[in-house]
Amino acid sequence: MALCAKKRPPEEERRARANDREYNEKFQYASNCIKTSKYNILTFLPVNLFEQFQEVANTYFLFLLILQLIPQISSLSWFTTIVPLVLVLTITAVKDATDDYFRHKSDNQVNNRHSQVLINGVLQQEQWMNVCVGDIIKLENNQFVAADLLLLSSSEPHGLCYIETAELDGETNMKVRQAIPITSELGDISKLAKFDGEVICEPPNNKLDKFSGTLYWKENKFPLSNQNMLLRGCVLRNTEWCFGLVIFAGPDTKLMQNSGRTKFKRTSIDRLMNTLVLWIFGFLVCMGVILAIGNAIWEHEVGTRFQVYLPWDEAVDSAFFSGFLSFWSYIIILNTVVPISLYVSVEVIRLGHSYFINWDKKMFCMKKRTPAEARTTTLNEELGQVEYIFSDKTGTLTQNIMVFNKCSINGHSYGDVFDVLGHKAELGERPAPVDFSFNPLADKKFLFWDPSLLEAVKMGDPHTHEFFRLLSLCHTVMSEEKSEGELYYKAQSPDEGALVTAARNFGFVFRSRTPKTITVHELGTAITYQLLAILDFNNIRKRMSVIVRNPEGKIRLYCKGADTILLDRLHPSTQELLSSTTDHLNEYAGDGLRTLVLAYKDLDEEYYEEWARRRLQASLAQDSREDRLACIYEEVESDMMLLGATAIEDKLQQGVPETIALLTLANIKIWVLTGDKQAVNIGYSCKMLTDDMTEVFIVTGHTVLEVREELRKAREKMMDSSHTVGNGFTYQGKLSSSKLTSVLEAVAGEYALVINGHSLAHALEADMELEFLETACACKAVICCRVTPLQKAQVVELVKKYKKAVTLAIGDGANDVSMIKTAHIGVGISGQEGIQAVLASDYSFSQFKFLQRLLLVHGRWSYLRMCKFLCYFFYKNFAFTMVHFWFGFFCGFSAQTVYDQYFITLYNIVYTSLPVLAMGVFDQDVPEQRSMEYPKLYEPGQLNLLFNKREFFICIAQGIYTSVLMFFIPYGVFAEATRDDGTQLADYQSFAVTVATSLVIVVSVQIGLDTGYWTAINHFFIWGSLAVYFAILFAMHSNGLFDMFPNQFRFVGNAQNTLAQPTVWLTIVLTTAVCIMPVVAFRFLRLSLKPDLSDTVRYTQLVRKKQKAQHRCMRRVGRTGSRRSGYAFSHQEGFGELIMSGKNMRLSSLALSSFSTRSSSSWIESLRRKKSDSANSPSGGAEKPFKG
């Protein structure tokens, strides 16, 4: 495996000679072994411990453990720290080892696959990891490509082969690759063994769609392009065999160059806790310094008088040194402000949340029998803070199934079904689909609902016949006939497959093809057309044409392409037809359908011969070959006659539009990053793009200057709309970059940005990335088409870099792995493109619609629970620990503890651990249905309102306030109180028991107030912990334990004597009341004067329950309820359905304010504005203008 990780100097060019390992080894190219694991047996322990001790908390506890091992300063036993520390380190190490074991297993599985390699003139089975650059490999049908290969020859004519690239670009359709003519004849092993050509090409890179190189053989040079390459991760399809020369291997392959590195992901709460631990340690040092100074002063002023019976230890020779030792003793005593049990509890809570996701039946896909899976336990609360979602399209938003839906032929639209009144019939009201039984070659799976189109075909309408003739001829589909009449089409794109299948069902059946002919069965008659030329599709042309000669000798060009391109190339005589077809195209686009325009042109023999001669010259040109061919194609594809248009539906996954609408209402921005060409139509289908948008900006520039200009124009248009805001207020003067961002994000109107991959490459350059980001963030929707896997990761990284926002990436293919690894949270869809995305993800499920439940329910609850847990945990530990600080002033600063050491040990482990765990695992503010109904409830997590530095200081302030009362109320009472027999009540042990009992009761009552959702487990843990406290207290103070261990249990009989005094119980009650009442009063006032959204939702729930109860009572006594109140009640129950339907979504989310006279979400909006303003202020946002 060492070869996998070996670092090499960067290459300037790659040289590979066939069948010459000795020559190729000089360059020390990477082997074909891959490595995604992090550890091996030798490095695991040191590397893992090093990683774990990068956590501030682990280092802090190790330091305390070392202190506790020094007897001169230790006042607590060392086992109180080492046992939980070792437990935490072990649990984490086991989890990391398990994860890495599966990575090793996956690596070994891939590296040990076998390929046939030509060695010394013989084909031998070799493991993938032993394949080297320069080897010749034989691939067979349905095999994975082992490395990046130059295609030499294949079983198909002209060196063609067919591949599926789902792992590279997410597209399941097939693509064609072709060997160069000089090597396409090397199908025989003896010829291949003598092949000694040398390839000189570009160095390893991540560009999937580009390759540039030259083959030198027999003193000739042959240019190589991406069309000659088979990339690792592809699968050979419909090709019996092929041979390839290894150019790039292992980590140098384009797939691995795009895979991205595995990153250690931590939540924002983890990062905040690291900062807080440092602050607490600083606070701890300050308290230690104060108490140490106090000790030195006390020993100097007072302690010297008691040397006779309170002598200093042998090592102590001065008051200063006594204070120095006291400092370390207090550091040990006061360290419980952050006990290690905090980290154990956090992991337990996260584990519980992960199981809730795994067990959620509403995220279980019955069709695929696939449950949701939390593949990590460390990111659950971050699911409640997501602001940006980056989604793949194919297989994630869509099913990647294309359906021929509608068409326009000679100005007549087909595809809609009307009822007897002339209204469009909805899906459920449609009659039976069209009967294609007249056609024995029809595809039985094809459905079409408008019978008038079939009637037009049967009636012999020439335009309809020409329309379907074009669809059956103008394509690159391959036909396979496994048995008579049983046709299987293999298409380069699902669109082409859908169009050819439509033509097949309507009687124009594409039957077979050769390099020079196409055979079509037209209404049962076999006709063979001579194929003269294919003018192939590319991203610039956006159209495809074929030139054919029919049996009568007539030459005709058939063309199909994007309306924006083709409509400008029509003959002027088609103007009237163009008008009606354009109306149909607009209608189809409004329905979110993918459209193509169809046209034809007759060519005379003379013109064609002359044009074909010029085309041949252009194809042989050494320089500017593509430009010359484009000009030749442009010439012939002009003055065409319009036939009509097609509309194809790219079927969305179930629930996608509703999910996107709901997540948008939760203020989550969704960007679609896809390797597919066609994403705009899906944008309309899933309601990301709408006709109501002010403008959709499309960036297609091919140079840096073009892209910069298009982005600048987009920003200018948005700024023009935002010059006048509100009641005519106009921005004056020049805005800084940071101010521009805040203004852009508050523009009037809704905008969308669509950018192509080649334009995105320029937009992501260092000098333009900020311009792209500020333009994109001002838009409601962003769609990036034809992007490479690495570009997906770069877009995610850009948002992470400049925006203080949690990102989530979701995809289903190997091309999404890099994006999934880069985002804060990666979600894998277990779809049709393998499990690579799932293996790289943090969470996985089978359908995009489950994302709303993952975020709005599980994510929001996880964030809420973790925040409440942390607030309470810091509160209870400051209340517990600060009592030692106050006691120091009354015990000569001697590092004497208030409580006995067993209470200190058990406080966080037994007495208070389970109640807070129950709250952290089970608590919820509103039920899951309300979380989905009111997506605005998600916003506090995005703004990080529930646990931040301010909330932390409030918690510790409450803890310190509680500790003051906890110490001074019993201290004041005990100073004057007496027992029932008249003796003095005050003694150290009685005081310790009273304070400890008060503390346990107060924190138990407090967690009762903090718990928003009571279960039997909460009751059992809270009251059970109190019962356990008293049981252990009386057991430890019993005579039996004292008799067995007299040196360990010195408080014998104290609990029984102390808690038998009414004064003690009055003191405990008084302390509890004074500690709790201000909290109750504050929460009551806040609920009355400034309720938040969750308070309002809970209030509406109570109202509904009362209405239900009253309704039932009225029905029991036979009274008829008011129809008005019944209608209002029904309206509230239907609110969730209204949200999920996507209708009036914006109004519905705001309608909640009608439940209360006060605005419940205005505070969120003002906070969001405040956050944005502070982040974009000149002082705080000059360098990072996009944070906030």
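Glycine too: its Cβ is placed from the backbone N, Cα and C atoms.
TrEMBL lists Asp392 with the feature active site, 4-aspartylphosphate intermediate. Annotation source TrEMBL lists Mg(2+) binding site at Asp392, Thr394, Asp812, Asp816. The domain 'P-type ATPase N-terminal' annotation in TrEMBL covers 17-82. Here TrEMBL flags 838-1091 as domain 'P-type ATPase C-terminal'. Positions annotated as region 'Disordered' by TrEMBL: 1158-1188. Here TrEMBL flags 76-94, 276-298, 318-344, 869-890, 902-922, 952-971, 991-1009, 1021-1042, 1062-1085 as transmembrane segment.
On the structure: features taken from TrEMBL.
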residue: Asp392; record: active site, 4-aspartylphosphate intermediate; Cβ within 10 Å: 30
residue: Thr394; record: Mg(2+) binding site; Cβ within 10 Å: 30
residue: Asp812; record: Mg(2+) binding site; Cβ within 10 Å: 32
residue: Asp816; record: Mg(2+) binding site; Cβ within 10 Å: 34
Stretch with greatest number of CB pairs under 8 Å, the transmembrane segment (952-971) reference, 276-298, 1021-1042, 1062-1085 candidates: 1062-1085
Stretch among 318-344, 869-890, 902-922, 1021-1042 sharing the most Cβ pairs under 8 Å with the transmembrane segment (276-298): 318-344
Segment-segment contact (the transmembrane segment (991-1009); the transmembrane segment (318-344)) at 3 or more Cβ pairs under 8 Å: no
Listed stretch, out of 318-344, 902-922, 1021-1042, 1062-1085, that has the most CB pairs under 8 angstroms to the transmembrane segment (869-890): 318-344
Positions on the same chain near the transmembrane segment (1021-1042), where near means CB under 8 A and six or more residues out: 900, 902, 906, 910-912, 914-915, 917-918, 993, 996-997, 1000-1001, 1004, 1007-1008, 1011, 1048-1056
Distal contacts, the transmembrane segment (902-922) - CB-CB under 8 A, six or more residues away: 76-77, 80, 336, 339, 341, 345, 348-349, 352-353, 865-866, 868-869, 872-873, 876-877, 880, 992, 996, 1000, 1003-1004, 1007, 1010-1011, 1013, 1015, 1017-1018, 1021-1022, 1024-1025, 1028-1029, 1032, 1036
Length of the line joining the Cα atoms of Asp392 (active site, 4-aspartylphosphate intermediate) and Asp816 (Mg(2+) binding site), in Å: 7
Three-state composition of the domain 'P-type ATPase N-terminal' (17-82), taking helix and strand from DSSP: 31 helix, 1 strand, 34 coil
Model confidence over the domain 'P-type ATPase C-terminal' (838-1091) (mean pLDDT, whole number): 90
